[in-house]
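*Asks:* Can you read through this structure? Questions will come right after.
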Amino acid sequence: MISTVLPTYNRTPLSFVKGEGSWLIEADGRRFLDMGAGIAVNALGHANPELVSALTEQAGKLWHVSNLYKIPEQQALADLLVDLTFADTVFFTNSGTETAELAIKMARKYHYEKGAPRETILTFEGAFHGRSTAAIAASGGEKMVKGFGPLMPGFRHLPWGDMAAFEAAMDESVCAVMVEPVQGEGGIRPMPEDQLRALREACDRTGALLILDEVQCGMGRTGKLFAHEWAGVAPDIMMVAKGIGGGFPLGALLATENAASGMVAGTHGSTYGGNPLACAVGLKVSQIVSDAAFLDDVSRKAGLLRQRLEGLVAAHPDTFEAVRGMGLMLGLKCKKPAAELAAAAREAGVLVVPAADNVLRLLPALNIPDADITEAVARLDAAATAYEGK
Ligand SMILES: *Cc1c(COP(=O)(O)O)cnc(C)c1O
């Protein structure tokens, strides 16, 4: 008989009942160091007191009114995000996938309103933009799309890192280029800064819009508020979700006034998107994470974690191949099956997240204490030793 919860996930047999910072407590009392942070979502750790207050204070006042009315918390968060970024305007959603949907609609509508509709959206191999029919069409991965056709047309998938293929594909028929500055699900693959700049230049040349998916790599994860800042280029449209809600469902699409020009009243909407609860939490997360000293500390912690992981790889050359990634978005490229190593890590009391390309992802809370970083890598070391002894 089918499980009462639709069996679309391969779940690990652990049930957590409580979280404290970077720690998760299992129903049986065992404590796990959480280096996955709900897949880059719990950006400020579990049960963060400031977020708990933001949520409970708002919960006692008002949860939902619909977007028929002005929502002060939504306005405040939009104002802050516009202040902090390239963007002139923000639309709030409840997830990354919904943000991808709007990004695609906005890009197509932009060209339509300019009087020259364009269909083609270029994406890259290994991309992940969500699980809606449009988002799976965008990523094109065999496992994600098989059996779900017909898919939304118009996407063209290019090899990752092949700039000759990209330049050859760029012409005046291209509506938009959609890319993660650091691929997450694809195996923690940063796009080199010169390539990101080349995308920007090609978009400027052809009039295509640049859509950056910062759902996983944004909100301070790389040590800048958004990953594209490292390359010194700005997108026309940016997708944000995961970390911005700190665990409360919230997504945001940020755009320039020009890119958003087609999205007039009636062209898009969401019942829950931008509700007072989500925005009260998102505002608190954004205030904390955008602080320059906080971001500097992310980079410092990232340096510590990276250094420890390099040591781990050096100590286990038959198990691990390399460390890659940026900031607190790091990947351990494995020489043994990553899923087996994730299981061994779990046995040793540390949680990591497998990704494509046989990589283990480390996406800890951005405020993880240094001692927890040291402890996490010590546990990974114990896990590798135990695995190798089997
Ligand atoms: C997780 C993710 C998404 C999808 O977000 P959901 O909230 O699961 O819909 C989209 N893009 C990237 C880069 C992601 O990591």
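We count from 1, first residue shown onward.
Including glycine, each Cβ sits where the backbone N, Cα and C put it.
Bear in mind that TrEMBL entries carry predicted annotations, made automatically and left uncurated.
Found this in TrEMBL, in case it helps:
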type: BINDING; residues: Gly96, Thr97, Phe128, Asp213, Glu214, Val215, Gln216, Thr271; note: pyridoxal 5'-phosphate binding site
type: BINDING; residues: Arg131, Ser270; note: N(2)-acetyl-L-ornithine binding site
type: MOD_RES; residues: Lys242; note: N6-(pyridoxal phosphate)lysine
*Asks:* Quick one: pull the CA-CA distance for Asp213 (pyridoxal 5'-phosphate binding site) versus Lys242 (N6-(pyridoxal phosphate)lysine), whole Å only.
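*Replies:* Approximately 11 Å lies between the Cα of Asp213 (pyridoxal 5'-phosphate binding site) and that of Lys242 (N6-(pyridoxal phosphate)lysine).
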*Asks:* Of Glu214, Lys242, Thr271, which recorded positions come within 10 Å of Arg131 (N(2)-acetyl-L-ornithine binding site), going by C-alpha to C-alpha distance?
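*Replies:* Checking each Cα against Arg131 (N(2)-acetyl-L-ornithine binding site), there are no hits.
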*Asks:* Fewest neighbouring Cβ atoms within 10 Å: which of the binding-site residues Thr97, Gln216, Ser270, Thr271?
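*Replies:* Counting other Cβ atoms within 10 Å of each of the binding-site residues Thr97, Gln216, Ser270, Thr271, the minimum falls on Thr271.
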*Asks:* Given Gln216 (pyridoxal 5'-phosphate binding site) and the residue listed as 'N6-(pyridoxal phosphate)lysine', what distance in Å do their CA atoms have, once rounded to a whole number?
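*Replies:* Cα-Cα distance, Gln216 (pyridoxal 5'-phosphate binding site) to the residue listed as 'N6-(pyridoxal phosphate)lysine': 6 Å.
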*Asks:* Do me a favour and check the Cα-Cα span between Ser270 (N(2)-acetyl-L-ornithine binding site) and Gly96 (pyridoxal 5'-phosphate binding site); whole Å is fine.
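*Replies:* Cα-Cα distance, Ser270 (N(2)-acetyl-L-ornithine binding site) to Gly96 (pyridoxal 5'-phosphate binding site): 14 Å.
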*Asks:* Which binding-site residues out of Gly96, Phe128, Val215, Gln216, Ser270 lie by ligand 1, going by a Cβ under 6 Å?
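*Replies:* List returned for ligand 1: Gly96, Phe128, Val215, Gln216.
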*Asks:* Would you count the other CB atoms within 10 A of the CB of Asp213 (pyridoxal 5'-phosphate binding site), including those on all shown protein chains?
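*Replies:* Excluding its own Cβ, Asp213 (pyridoxal 5'-phosphate binding site) sees 32 Cβ atoms within 10 Å.
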*Asks:* Please report how many Å separate the Cα atom of Thr271 (pyridoxal 5'-phosphate binding site) from that of Lys242 (N6-(pyridoxal phosphate)lysine), as a whole number.
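*Replies:* Distance (Cα to Cα, whole Å): 19 Å.
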*Asks:* Would you mind checking how many other C-beta atoms are within 10 angstroms of the C-beta on Arg131 (N(2)-acetyl-L-ornithine binding site)?
*Replies:* 16
*Asks:* So if I draw a 10 Å sphere around the Cβ of Val215 (pyridoxal 5'-phosphate binding site), how many other Cβ atoms end up inside it?
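*Replies:* Around the Cβ of Val215 (pyridoxal 5'-phosphate binding site), 28 other Cβ atoms lie within 10 Å.
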*Asks:* Can you tell me how spread out the pyridoxal 5'-phosphate site is, meaning the largest CA to CA distance among Gly96, Thr97, Phe128, Asp213, Glu214, Val215, Gln216, Thr271, in Å?
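*Replies:* Farthest-apart Cα atoms in Gly96, Thr97, Phe128, Asp213, Glu214, Val215, Gln216, Thr271 are separated by 25 Å.
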*Asks:* Just to be sure I understand: of Gly96, Phe128, Glu214, Val215, which binding-site residues have a C-alpha no more than 10 angstroms from the C-alpha of the residue listed as 'N6-(pyridoxal phosphate)lysine'?
*Replies:* Gly96, Glu214, Val215
*Asks:* Quick one: give me the count of other CB atoms within 10 A of the CB of Lys242 (N6-(pyridoxal phosphate)lysine).
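*Replies:* Its Cβ shell of radius 10 Å holds 28 other Cβ atoms.
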*Asks:* What are the non-local neighbours of Phe128 (pyridoxal 5'-phosphate binding site), defined as same-chain residues 6+ apart in sequence with CB under 8 A from its CB?
*Replies:* Ser139, Gly141, Glu180, Gln183, Gly184, Glu185, Gly186
